[in-house]
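Participant: Quick one: this structure, given as C-alpha cells, is what I'll be asking you about.
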Amino acid sequence: MKKIRLELVYLRAIICAIIIITHLLTQITLKHENMEGGSLVLQFYIRNIVIFGTPCFIILSQLLTTLNYQKVTYRYLTTRVKYILIPYILMGLFYSYSESLLTDSSFNKQFIENVLLGQWYGYFIVVIMQFFILSYIIFKINYNLFNSKILLLLSFILQQSFLYYFTNNTAFHDTVLHYYPLSENTIIFGWIFYFFLGAYMGYNYERVLNFLERYLVIMIVLAVATYFVFIALANGDYWNVTSFSYSLTPYNSIMFIVILGICTHFKTMLFNTIQMISAFSFFIYLLHPIILDSLFAYTNIFEDNTMVFLAISLLFILGLCIGVGMILREFYIFRFIIGKQPYKLNINAY
C-alpha cells in the first residue's frame, strides 16, 4: 500500500487554489479593459506572483510518477486516458456547447478550436498527456534517467532557449506555429524542464525533504530574488500574463520547492477540507472556469477589498465544484468526469 504523504495532499490543494486565484485576478483585469499606467503595472506584477500554478501541476504530476513507480506497464497509459483524457474531452464537450450558445456560434467550431487544438483553459491537459507518453518511453528505456543531472540541465537549456526565441524572434515564432497545429501553449518544449525537475525530485524525494528541512529559508530568499530577475526582464507588455515565459522559469520552479517545504510543516490544519480539495483538484481545474464569469458577476462587488474578494470568490468556487463533485461521486460512472481520486475519499471521516 502506498504511503500517504500529507505534504503532497496539502501541496496539490494549495496549487489548485493558486490557479483559481490566478483566474480571479485575470477577471479583475479584464473588467477594467481601459486600465493603464501604474494600476496596470501593479496588476501585472501581482498576477505574475501567483502565475506558477500550471508549472507546479506539471512538476507535481511527474514527481508523483517517479516517486510511486520504478517501472510501468501499458496500463499506466490506458489509466490516464480513462481518467484524465476522457474527462478532458467530456468537460470540453460541455464547455464547447455552452460557449456555442453564449456566442451564437457553431458547436463544431468551438469543439475543434478549444478542445482539439487546445485554445482554452484546459490546454494544460494536452501538455500533461504528452508528458505521460514521454514518461512511459523513459521508463521503458531506463528509470535511472530520471536521476540524470545532465538531462535536467539540458532540459533547462532547451526550455529557456525555445521560450526566448519563441518570444523574441518573429521568424522562429511564425515558423513554429506554421508547422505546429495545436495551441502554442501546448508545445512541450516550453514546459520540458518542469517535467524533468518533477522527475528528479520524485526520484530523490527523501533527499529533497531533508534539504528543505535545512534550507527552506534560503529557498524563500531565492524565490524573491528570481522574481526581481523577472521584473528586470519585463518587456513592457503589461496585459500579457503567462507562465509560458523564459523569464519566469526560475521563479516558477523555486516556488514549487518553497511551497513543498512549507507543506511539510502541515499535519492536521483544515485537513478534511484540504483532502477534499486535493481529491477533486482535477475536476475543480476543469469546472471552475465555466462558472467563473457568473460568479464574478456577484463577487466583484467586493473588488475594492481585494482580500475579501479573493476569499469569498475562492470559497464559493471550491464549494460549488466540490459540491457538484460529491453528488457525481455517488455514481461510479462519473469517474470519467471527476477522475478516480474522489473515490478514494473516506467520507465517513468527515
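Just so you know, glycine gets a Cβ as well, placed from its N, Cα and C.
Annotation comment: Swiss-Prot describes 8-28, 40-60, 83-103, 119-139, 146-166, 182-202, 216-236, 254-274, 276-296, 308-328 as transmembrane segment, evidence class sequence analysis.
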Participant: Taking residues 6+ outside the transmembrane segment (119-139), which of them lie with a CB under 8 Å of any CB in it?
Facilitator: 23, 54, 57-58, 61-62, 65, 69, 71-72, 76-77, 80, 84-85, 88, 91-92, 95, 113, 145-146, 182-183, 185-186, 188, 191, 195, 199, 285-286, 289
Participant: Using Cβ atoms only, state whether the transmembrane segment (182-202) and the transmembrane segment (308-328) have three or more pairs under 8 Å that are 6 or more apart in sequence.
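Facilitator: Between the transmembrane segment (182-202) and the transmembrane segment (308-328), contact is absent.
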Participant: Go through 8-28, 83-103, 308-328 and flag the stretch with the largest number of C-beta pairs under 8 Å relative to the transmembrane segment (254-274).
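Facilitator: By Cβ pairs under 8 Å, 8-28 leads among 8-28, 83-103, 308-328.
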Participant: What residues in the same chain, six or more past the boundaries of the transmembrane segment (8-28), come closer than 8 Å to it by Cβ-Cβ distance?
Facilitator: 43, 46-47, 50-54, 56-57, 60, 63-64, 121, 241, 259-260, 263, 266, 274-275, 277-278, 281, 284-285, 288-289, 292-293, 296, 300, 303, 309-310, 313-314, 317-318
